[in-house]
Amino acid sequence: MAIVTTALLILFLGSSTAQLSINYYSKSCPKLFPTVKSAVKSAIAKEARMGASLLRLFFHDCFVNGCDGSVLLDDTSSFIGEKNAAPNANSARGFNVIDDIKSKVEKACPGVVSCADVLAITARDSVVILGGPSWNVKLGRRDARTASQAAANNSIPPPTSNLNQLISRFQALGLSTRDLVALAGSHTIGQARCTSFRARIYNETNIDKSFAKTRQSNCPRASGSGDNNLAPLDLQTPTAFENNYYKNLIKKKGLLHSDQQLFNGGSTDSIVRKYSNSRSNFNADFVAGMIKMGDISPLTGSNGEIRKNCRRVN
């Protein structure tokens with residue numbers, strides 16, 4: 001009896017991700033991939049930074065109660081959503097692009113593809129269009145009917161995180177320390193607000209002095225002044241997906257406190273060195289990490305719904 005129960009438990013635990021498949025929409029929405037890629041390409045052509053913003057949305061979705069499209073929901077009378085949580089307020093962006101992609105997908109195959117899956121495909125296409133690796137995206141997620149500002153505040157690691165906090169948060173989601181370092185490489189694209197790195201460039205010592213001075217020129221010391229001014233997370237190539245991020249960390253040019261924690265005399269230094277020396281090693285581990293992250297607690301079967309509009313429940 002105990003053996004049967006254990007077997008059933010293993011089957012149950014594995015069932016959520018077992019239902020995800022790279023061929024999930026091959027018959028129900030055969031034009032899905034070209035439809036999404038065309039729209040992502042267009043959005044990035046208009047604004048190169050958008051690729052990083054779309055990738056970040058997928059991270060911020062998956063880290064809060066799993067990859068369920070909850071980050072896309074607007075506030076309602078019954079819940080306060082995730083858009084105005086501390087990690088997202090004034091910084092999460094690209095929602096209009098997701099709306100545009102979803103409307104195009106709805107025209108191609110109405111009521112079939114979830115917003116959670118649109119996000120997953122969009123993240124992959126953004127990386128590829130900016131020069132990064134490709135992978136087969138597992139699909140079959142359904143959309144959450146609710147969202148939680150409190151969960152977003154508690155689940156997404158802030159830029160003030162130290163290495164132990166980062167490792168712990170990723171491990172809680174089934175992601176290894178190697179996954180952490182590889183996925184942090186998404187900071188090879190995109191920009192951050194002055195509020196996210198002000199304390200680092202003025203107060204920390206494990207930072208290249210000329211780099212700090214450069215960043216200080218556009219981020220005043222006084223809080224409230226220039227808070228929304230932007231700086232590239234990777235100074236050399238903020239719109240090209242490669243491994244410069246790790247080379248910057250070795251030179252003490254990580255923009256965020258949490259970035260530099262990955263190369264600061266700790267257990268992850270050797271992984272940073274490996275990725276700085278080998279773009280192919282980074283690409284391979286980044287892909288593995290993205291696939292694992294996409295497996296976090298998806299809604300499948302009869303759970304959730306397929307939203308017609310990503311901003312609101314049906």
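Just so it is clear, glycine is given a Cβ too, placed from its N, Cα and C backbone atoms.
Per TrEMBL, these features apply:
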- 1-18: signal peptide (SIGNAL)
- 19-314: domain 'Plant heme peroxidase family profile' (DOMAIN)
- CYS29-CYS109: disulfide bond (DISULFID)
- ARG56: site 'Transition state stabilizer' (SITE)
- HIS60: active site, proton acceptor (ACT_SITE)
- ASP61, VAL64, GLY66, ASP68, SER70, GLU82: Ca(2+) 1 binding site (BINDING)
- CYS62-CYS67: disulfide bond (DISULFID)
- CYS115-CYS310: disulfide bond (DISULFID)
- PRO157: substrate binding site (BINDING)
- HIS187: heme b binding site (BINDING)
- THR188, ASP234, THR237: Ca(2+) 2 binding site (BINDING)
- CYS194-CYS219: disulfide bond (DISULFID)
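Sequence features, as recorded in TrEMBL, placed on the structure.
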{"residue": "ARG56", "record": "site 'Transition state stabilizer'", "Cβ neighbours (10 Å)": "23"}
{"residue": "HIS60", "record": "active site, proton acceptor", "Cβ neighbours (10 Å)": "22"}
{"residue": "VAL64", "record": "Ca(2+) 1 binding site", "Cβ neighbours (10 Å)": "28"}
{"residue": "CYS67", "record": "disulfide bond", "Cβ neighbours (10 Å)": "29"}
{"residue": "ASP68", "record": "Ca(2+) 1 binding site", "Cβ neighbours (10 Å)": "28"}
{"residue": "HIS187", "record": "heme b binding site", "Cβ neighbours (10 Å)": "25"}
{"residue": "THR188", "record": "Ca(2+) 2 binding site", "Cβ neighbours (10 Å)": "30"}
{"residue": "CYS194", "record": "disulfide bond", "Cβ neighbours (10 Å)": "20"}
{"residue": "CYS219", "record": "disulfide bond", "Cβ neighbours (10 Å)": "23"}
{"residue": "ASP234", "record": "Ca(2+) 2 binding site", "Cβ neighbours (10 Å)": "27"}
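Non-local contacts of CYS115 (disulfide bond) by the CB criterion (under 8 A, 6+ apart in sequence, same chain) comprise GLY69, LEU72, ILE98, LYS102, ASP143, ARG307, CYS310. Using CA atoms as reference points, the binding-site residues PRO157, ASP234, THR237 were checked against CYS62 (disulfide bond), and the closest is PRO157. Across the fold, the C-alpha of VAL64 (Ca(2+) 1 binding site) and the C-alpha of CYS219 (disulfide bond) stand 30 Å from each other. Ranking the recorded positions CYS29, CYS67, HIS187, CYS219 by the distance of their Cα atoms from the Cα of ASP61 (Ca(2+) 1 binding site) places CYS67 first. A 10 Å radius around the C-alpha of the residue listed as 'heme b binding site' takes in these recorded positions out of CYS29, ASP68, PRO157, ASP234, in sequence order: ASP234. The Ca(2+) 2 site is defined by THR188, ASP234, THR237, and by the 8 Å test on Cβ atoms against their centroid, the other residues of the chain that qualify are HIS187, ILE189, PRO232, LEU233, LEU235, GLN236, PRO238, THR239, ALA240, PHE241, GLU242, ASN244, TYR245, ASN248. The disulfide-bonded residues examined here are CYS29, CYS62, CYS109, CYS310; by Cβ neighbour count within 10 Å, the least packed of them is CYS109.
Note: the Cα of ARG56 (site 'Transition state stabilizer') and the Cα of THR188 (Ca(2+) 2 binding site) are spaced 12 Å from each other. Using the Cβ center of ASP61, VAL64, GLY66, ASP68, SER70, GLU82 for Ca(2+) 1, the list of other same-chain residues with Cβ within 8 Å runs, in sequence order, HIS60, CYS62, PHE63, ASN65, CYS67, GLY69, VAL71, ALA144, ALA147, ALA151, ALA152. Of the recorded residues, CYS109 (disulfide bond) and GLY66 (Ca(2+) 1 binding site) place their C-alpha atoms 25 Å from one another. Cα-Cα distances to CYS67 (disulfide bond) place HIS60 within 10 Å, out of the recorded positions HIS60, GLU82, THR188, ASP234, THR237. Of all the binding-site residues listed here (SER70, THR237), the one with the fewest other CB atoms within 10 A of its own CB is THR237. If you measure from the Cα atom of ASP68 (Ca(2+) 1 binding site) to that of HIS60 (active site, proton acceptor), you get 11 Å.
Comparing CA positions across the recorded positions CYS29, HIS60, SER70, GLU82, CYS219, the one lying closest to THR188 (Ca(2+) 2 binding site) turns out to be HIS60.
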